[in-house]
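Q: The domain 'Thiamine phosphate synthase/TenI' annotation in TrEMBL covers 6-186. Residues annotated as 4-amino-2-methyl-5-(diphosphooxymethyl)pyrimidine binding site in TrEMBL: 36, 37, 38, 39, 40, 68, 106, 135. Sequence annotations record features per position, and here TrEMBL assigns Mg(2+) binding site to 69, 88.
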Ligand SMILES: Cc1ncc(COP(=O)(O)OP(=O)(O)O)c(N)n1
Ligand SMILES: Cc1nc(C(=O)O)sc1CCOP(=O)(O)O
Ligand SMILES: [Mg+2]
């Protein structure tokens, strides 16, 4: 998969009065290089309509588009890939269906990360690093210790997720993350593009110095 640094996930509850498309376009203009459609509540036909619209938007900007949970929708709109959690369809079965499309897997412990790498995941999510209100069935925070473990051992790309804000992202970068994923801090911002640019500046600074402090 293409290299990436900043991964934004949709979260329509965080931007009342603004459309999902305008917010995600701002995120792309701010430099996000992966957009994920995550909608746990809408009827499937509505999720499909949103996926079609986001596919068109991301194709126009040359940005990677991932669908959360719904493999059939990912295939129907020709998304670049799918994101699956530990309770979703297992990676081996998903691979049979999506072929060479990107498969991302959520992990919350090093054994899950090792398994995902062995099974051929294209990237893993590592989290939740901090407490988050954006996911209902979330596990306890794994803390930056888990980032350190993954950075030391896992060779496929990993993205840190969960409660990551501009005020705490440096802790995550200092632990060894070089890719950041967020919902509320990005899509709930009054200045979505500006927030993305600031995340990217922090990521780049950490990559340049090896430390952000
Ligand atoms: C990049 C990324 N990481 C983790 C998740 C969470 O996936 P999952 O555990 O399947 O939970 P839901 O998002 O489906 O509630 C993600 N979506 N994206
Ligand atoms: C969707 C999701 N998955 C997580 C995981 O740890 O797998 S944490 C999370 C929610 C991330 O939202 P926010 O940036 O608003 O905290
Ligand atoms: Mg899921």
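Glycine is no exception: its Cβ is also placed from the backbone N, Cα and C atoms.
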Q: Three states by DSSP: which one describes residue 68 (4-amino-2-methyl-5-(diphosphooxymethyl)pyrimidine binding site)?
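A: The residue in question, residue 68 (4-amino-2-methyl-5-(diphosphooxymethyl)pyrimidine binding site), is strand (DSSP, three-state).
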Q: What number of additional C-beta atoms lies within 10 angstroms of the C-beta atom of residue 36 (4-amino-2-methyl-5-(diphosphooxymethyl)pyrimidine binding site)?
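A: Cβ-Cβ neighbours of residue 36 (4-amino-2-methyl-5-(diphosphooxymethyl)pyrimidine binding site) within 10 Å number 24.
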Q: If you measure from the C-alpha of residue 69 (Mg(2+) binding site), which of the binding-site residues 37, 106, 135 fall inside 10 Å?
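A: Close binding-site residues: 37.
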Q: Between the Cα atoms of residue 88 (Mg(2+) binding site) and residue 106 (4-amino-2-methyl-5-(diphosphooxymethyl)pyrimidine binding site), what distance do you get, rounded to the nearest Å?
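A: Residue 88 (Mg(2+) binding site) to residue 106 (4-amino-2-methyl-5-(diphosphooxymethyl)pyrimidine binding site), Cα-Cα distance: 10 Å.
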Q: Between the binding-site residues 38, 40, 135, where is the Cβ count within 10 Å the lowest?
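A: Ranked by other Cβ atoms within 10 Å, the binding-site residues 38, 40, 135 bottom out at 40.
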Q: Just the binding-site residues from 37, 68, 69, 88, 106, 135 whose C-beta lies under 6 Å from any atom of ligand 1, please, or none if there are none.
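A: By the Cβ criterion, which requires under 6 Å to ligand 1, the hits are 68, 69, 88, 106, 135.
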